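Student: Here it is, the structure in full.
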Amino acid sequence: MAEETAALSTEKTEDTSTAPSTSAEKADGIDIDTEAKRLMGAGQKHLVMKDVRSAVNLFQEASSLLAKQYGETADECAEAFYSYGMSLLELARLENGVLGNALEGMPEDDEEEAEKEEDPNIPSADNLDEKEREQLREQVYDAMAEDQRAPDDTSESEAKGKPEGDSKDKEADEKMKNGQKETEKVTDDLKIDSASRDVPMDKSGKGEPPESKDAETLVEQKESKPETLKEKSIETKEKDLSKEKTDAKETANQSPDSTEVAEEKMDSEASESKESTSIPPTENEANKPDDPEKMEEEEEGEDSEENEDGTEENEGTEEKETEEEDVGNLQLAWEMLDLCKTIFKRQQSKEAQLKAAQAHQKLGEVCIESENYSQAVEDFLACLNIQKEHLEEHDRLLAETHYHLGLAYQYSSKHEEAISHFTQSIGVIEKRMDVLTKQLEASVGELVDEVKKEMDELKDLLPDIKEKIEDSKEAQKNATVTEKALKETLVGGSSGFSKENGSTSSSSAVEKSGDSTVPVTNCVSDISHLVRKKRKTEEESPLKDKDAKKSKQEPVANGAGNGDAVVPTNEEAEKAEEASMETATVESTA
């Protein structure tokens with residue numbers, strides 16, 4: 001018996017041990033649902049308070065929790081997705097607005113004034129009396145006058161107030177002066193060398209004057225001192241000059257002319273050496289690495305420039321990556337609303353279908369914001385069809401969808417459809433007003449206030465819709481006027497060209513009919529009838545010509561012969577002209 005009781009106790013403990021796991025899972029599920037509901041409620045409050053950004057964050061958290069718990073296409077996620085998409089649409093409207101981001105984060109004037117009043121260290125001019133202000137003005141004027149009278153004092157004060165960097169500049173100036181003094185000494189030595197070329201040569205024949213030794217000793221003494229590289233080069237030049245002097249003086253014994261030439265060369269070289277020694281100190285001092293701090297600063301500046309260029313490039317690449325990764329608010333809103341639309345349409349209940357219609361409406365608004373008016377019209381029509389199935393004729397939602405359809409058609413410049421939908425929205429509102437008036441008569445107490453409030457809201461909507469109708473009518477008139485003007489200009493231009501062509505062709509036809517026997521119906525390009533035949537050659541006998549003339553001159557009565565009309569010729573006129581010319585010649589000879 002004891003064994004059986006022990007076995008039963010173990011089974012009970014096992015059952016009790018397994019039970020808490022299921023209860024914990026239920027508790028976890030309840031916690032997620034409650035947290036999502038809490039987030040949804042807080043988001044709705046923020047939307048009412050027009051704090052859209054915080055509402056977006058809360059709806060995002062709620063939708064992520066529900067999607068992890070139930071899946072992205074679950075029925076439980078539809079409400080959160082709809083709220084999230086709607087809030088994203090509102091946020092996109094704020095960002096696309098003129099003052100969406102301009103005034104965000106800007107301090108208000110009242111806060112700044114309060115801060116100024118709170119600071120006791122900052123004196124305010126408002127608290128001063130007139131006497132104190134006059135005293136301050138006099139002090140300012142006196143200070144300005146003192147500045148004008150004593151500019152030297154200000155210069156001395158500025159000199160005293162200079163930082164340690166000015167002392168370094170003074171040291172550099174002193175170094176420059178010392179370098180100039182050293183160069184002057186070198187030039188004096190060179191003058192001594194040039195003066196020594198007139199001294200006679202030594203007996204040893206080396207050609208070195210006695211004074212040149214003194215110059216060499218001076219140079220050796222200077223070598224013992226710390227000198228720059230350019231001073232050493234000057235010493236080498238001096239040695240070369242001394243050697244050339246000795247060579248020139250050795251040749252002086254052989255030819256006096258050569259000595260003169262050598263002396264001229266020495267003079268020119270000495271003058272060049274003077275110029276070279278007088279200029280380099282400034283360059284030498286400028287190129288000296290005496291200031292390692294400046295060199296380090298330059299290197300640091302170059303390194304900083306390179307680092308800045310690298311950071312700018314990195315920032316540019318990061319911005320591009322973030323732009324590619326980040327999705328716009330409108331795009332994200334469209335995705336969330338489309339997902340919730342599919343979830344609601346899958347359900348067969350009336351509430352779910354009406355929510356699907358609302359999702360269609362919000363999708364149409366997103367398309368209007370993105371200027372995709374054709375897709376917006378399709379979404380609004382789908383919403384309208386669903387609402388007509390499940391709503392009454394006087395429902396405000398129908399008026400809202402008609403209004404949005406009118407806007408979509410108006411933006412797409414389809415004014416007839418826009419006018420029709422605006423008028424339908426007005427008709428729905430009027431029906432709703434009739435229903436509300438009936439409810440006012442029957443209602444009592446708090447219901448009366450609610451009905452009056454709704455009626456006032458509807459009355460406020462009517463003028464806006466009427467203005468939209470007038471705008472669309474004016475736009476339609478302007479469009480028709482412009483179309484007519486364009487047609488008139490196009491048709492008028494073509495008819496003008498045709499009229500001009502017709503008039504010219506008719507006038508040319510008349511002229512042709514008067515000058516020639518060819519009918520008017522000939523083609524314009526055929527000009528063979530305008531070509532006259534050549535006269536007969538003189539080789540023919542004059543008798544034939546006379547016979548031909550006589551036959552042509554014989555008159556023919558109208559209707560005689562074969563019924564052919566006689567064609568007039570120009571030969572008679574030519575004969576008359578010839579006769580007149582002959583008479584004129586006879587008179588002139590007489």
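Backbone N, Cα and C define each Cβ position, glycine as well.
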Student: If you look at how Swiss-Prot annotates this chain, which of 251-257, 286-292, 531-537 comes out as motif 'Nuclear localization signal'?
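Tutor: From Swiss-Prot, the annotated motif 'Nuclear localization signal' range turns out to be 531-537.
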Student: Quick test of your reading of Swiss-Prot: among 1-30, 451-480, where does it put region 'Disordered'?
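Tutor: Going through 1-30, 451-480 one by one, Swiss-Prot flags 1-30 as region 'Disordered'.
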Student: Over the repeat 'TPR 1' (36-69), what is the model's mean pLDDT?
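Tutor: Here the mean pLDDT over the repeat 'TPR 1' (36-69) amounts to 93.
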Student: Excluding the flanking five residues on each side, which residues at least 6 beyond the ends of the repeat 'TPR 1' (36-69) place their CB within less than 8 Å of a CB in that stretch?
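Tutor: 29, 76-77, 79-81, 83-84, 87-88, 90-91, 94, 336.
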Student: Going along the chain, which residues at least six beyond the ends of the repeat 'TPR 2' (357-390) come within the CB cut-off of under 8 Å?
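Tutor: Same-chain residues near the repeat 'TPR 2' (357-390) but 6 or more away: 82, 85-86, 89, 92-93, 96, 330, 333-334, 337-338, 340-341, 344, 350, 397-398, 400-402, 404-405, 407-409, 411-412.
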